[in-house]
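J.: From Swiss-Prot, for reference:
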DISULFID  231-233  disulfide bond
DISULFID  263-266  disulfide bond
């Protein structure tokens, strides 16, 4: 569940989310290792936190590429409060870092963060920045500060063990009106700095309690929505993906008796029979003029 709203005469906006089930679904769909679960989980939470601020029908993509062993993590969210994502190396594992935590920064390494905002226009808006930490929360705050000139704080965490995902969630606070009194800015900064790790916080406190600790007072009107893992892949799109292949690749599949397309976002497998591949080959030939 995501909670979102504004504070201090709408000069500050916030979102806070708990989404253990969503991250657990991602872990199961992609058969993720512990570390890969934490990396993708953090990215999905980051993408979920911005959903209340998206335009209608907007698709927002966080794409992190680094020289670490996980290589790439991608998370996408929509204005309908859905998320989906994947990592390039779902089996990655590393020793715990010096703080005894999962080494997310080590898994990602040095690299770049891209944010793609697709508003349904001809060309999506793309921003690219160097990673500042590889921990994802700090990188998101840096992106908003530099690319969108919005001072932001993000805190994101995932706790996983042999039984699966135990806790997954985070919060984002953004100053959207620079006329906010300096004492309020300092209050928010101080309160956030004094908070424990989000995974520890969510073991003891509910989201509204966390917001009260951040702002130093009870929040007023809060909206809520359910975050869902949802992919828009289907058999027709999988068929179109096969049509992109050259004729020889399709013929090789047909000779093997079947063809498979696996969705990178949700790991759904679409299997096409020999007869279906024959039809695709015929369609390809008929439409190529050869």
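Note that Cβ sites are derived from N, Cα and C of the backbone, with glycine treated the same way.
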J.: What is the Cβ neighbour count of residue 266 (disulfide bond) at a 10 Å cut-off, with all protein chains included?
T.: 18
J.: Could you tally the C-beta atoms, other than its own, that fall within 10 angstroms of the C-beta of residue 263 (disulfide bond)?
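T.: Looking across every protein chain shown, the total is 19.
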J.: Using C-alpha atoms only, work out the spacing between residue 231 (disulfide bond) and residue 266 (disulfide bond) and round it to an integer in Å.
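T.: With the alpha carbons as reference points, the distance is 6 Å.
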J.: Using Cα coordinates, what distance in whole Å links residue 266 (disulfide bond) and residue 233 (disulfide bond)?
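T.: The separation of the Cα atoms works out to 8 Å.
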J.: If one looks at the chain holding residue 233 (disulfide bond), which residues at least 6 apart in sequence have a CB under 8 angstroms from its CB?
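T.: When sequence neighbours closer than 6 are ignored, residue 233 (disulfide bond) has 263, 265, 266, 268 within Cβ distance under 8 Å.
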